[in-house]
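First comes the structure, then the notes that go with it.
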Amino acid sequence: MLLIFIFITILVKVDTSFWTTEFFALTLICVAILSGASNILMASVFGVTGRFPMKHSQSLISGQAMGGTVSALAAILDLSIASNVTDSALAYFLTADIFLLLCIGVYLILPRMEYASYYLNLIEARPDSSDDEGSEEKVDTSSSKTNSPPILPILKRVKVLAACLFYTFFISIIIFPTIAASIESVDKSSGSVWTNKFFTPITCFLVYNFADWSGRQITTWIQSPGPNSKILPTLVFLRTLFIPLFMFCNYQPRKHIYLVIFQSDVYPIIFITLMGLSNGYLGTLSMVYGPKVVPKELSEGTAIVMSFFLGLGLAIGAAFSSLVHLI
């Protein structure tokens, strides 16, 4: 990922006007590689974090949302002061390069830390307790030692949590950013800087990311409902109501539904705040509960399975957002 980002950073200052088709193809290839590498990295990091206490998984997930908030703030700052698009792009990619380099350095230091080493080696250091466990646990432990987590036993234990995680991000990605970013201020005709320049960056990207971050952070102090509660999947399913709520804001352009019920800029701000908070809170609970409802030997594999369902929700939600966009 770092090499690809460095390559893209170099291309920022390269004149591509004479080979636009090749540049476009090259960009798509880079994006595909980065997407694949990012998914593998995310699953791997979640897997490693699954070995640690739950608070560390919460910190990891909160950090992801914090990155979105920082990016939104950077975009608003760029809109305010930047005068050159090329320099802005260069600054963005250089920042990404620096952060990736720092992450690699910190990750290499991690196994050398006594605290981290204890949890990373905890499973291997445990005495063989197969005589005290059921036959199902014997299979689970054996599979985890061969680095091939038993998918079916894991899914049997976390199927509800995995479904909650999938559906939480499925609904969120349908709305954000495709629908949310297409909501315009009802006073756009006034021509003010707020309604024409800063409305979407602030009310959509900054508000959502900050609310998402806040929702994830709240799970540090409050973990309710519990992993076996029926309230959790109920709350996740109720988030479906966000789709019609956003569609009846001043969503433009409109294909078939021309009725705008919420004719005030306050409504989309309230809706996107609630959606961000619920995404962060419910998504984090589903994610961190997964590795904790299985035997310790399966915690890393479960974290990877949960990250797969998170990515699956994002992928399918992104596909469905194109269909909702046609309504």
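We count from 1, first residue shown onward.
Each Cβ is built from the backbone N, Cα and C atoms, and glycine gets one as well.
Heads up, TrEMBL stuff is auto-annotated, nobody curated it.
Sequence annotations record features per position, and here TrEMBL assigns transmembrane segment to 26-48, 60-83, 89-110, 160-183, 231-251, 258-282, 302-326. Residues or ranges marked as region 'Disordered' by TrEMBL: 127-147.
When Cβ distances are compared across the two stretches, the transmembrane segment (160-183) makes no contact with the transmembrane segment (60-83), since fewer than 3 pairs at least 6 residues apart fall below 8 angstroms.
Here the transmembrane segment (302-326) has long-range neighbours at 39, 42-44, 46-50, 57, 149, 151, 154-155, 157-158, 161-163, 165-175, 178-179, 182, 243, 247, 255, 283, 286-287, 290-291, 294, meaning same-chain residues at least 6 beyond its ends whose C-beta is under 8 angstroms from one of its own.
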